[in-house]
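Quick notes on the structure that follows.
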């Protein structure tokens, strides 16, 4: 894994962002998540990844989110796209409960790519027992990092996610709450073991996402950056 800082800040970009946003605007980012389901086009997709790699000189995470877990549109040839961008990627993200997850696990091992097994719940934050079941499934599948993102509707949801983070602080996890009420978790959880927090530049990819400049400033104030 090629992250210089942990916790790391991942900035989320689309294809048009790669073509238009200068390197200077990504100052403070440790990782770029390219959200293919948010791309305007998926033809010649490897060109976008190659450009991002050369232009920004940061590790790349390829994510092609399913609509049922927050994807903006359905991408039917997900496996083919993952295979096409292997030369440029350091990380893949795949839903733990997706049909392609076992194949992506083997593909990642073969190509020395860190695989993030993710779970997104846009309705609520499940119980601790249910979160543990998701975590156990991810571990059983051999995911390198397990990401859990849930909708925060009340204060106790923040507490549940923080407790889960503390419980697994020695594991490789990403834990965050979505929605306006989930914003504190994007700031607090990285202090206690969540490896990556996600930030936006223009369009947010999940409710409650914080702008990159604000997240970098927050990390500096909290002593997570020099």
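Heads up, the Cβ atoms here are built off N, Cα and C, so glycines get one too.
Remember, it's a predicted structure, so these values are computed and weren't measured experimentally.
Feature annotations, courtesy of Swiss-Prot:
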ACT_SITE  120  active site, proton donor/acceptor
ACT_SITE  147  active site, schiff-base intermediate with substrate
BINDING   33, 34, 35, 65, 186, 205, 209  3-dehydroquinate binding site
Neighbouring C-beta atoms (10 Å sphere around the C-beta of residue 147 (active site, schiff-base intermediate with substrate)): 24
Cβ-based isolation winner (fewest other Cβ atoms within 10 Å) among the recorded positions 35, 65, 120: 120
Cα-to-Cα gap, residue 186 (3-dehydroquinate binding site) vs the residue listed as 'active site, schiff-base intermediate with substrate', nearest whole Å: 13
Residues that sit under 8 angstroms from residue 34 (3-dehydroquinate binding site) by C-beta distance, when 6+ apart in the chain: 13, 14, 15, 18, 48, 49, 52, 60, 61, 62, 63
Other CB atoms, at most 10 A from the CB of residue 33 (3-dehydroquinate binding site): 22
The one of 186, 209 whose CB sees the fewest other CB atoms within 10 Å, among these binding-site residues: 209
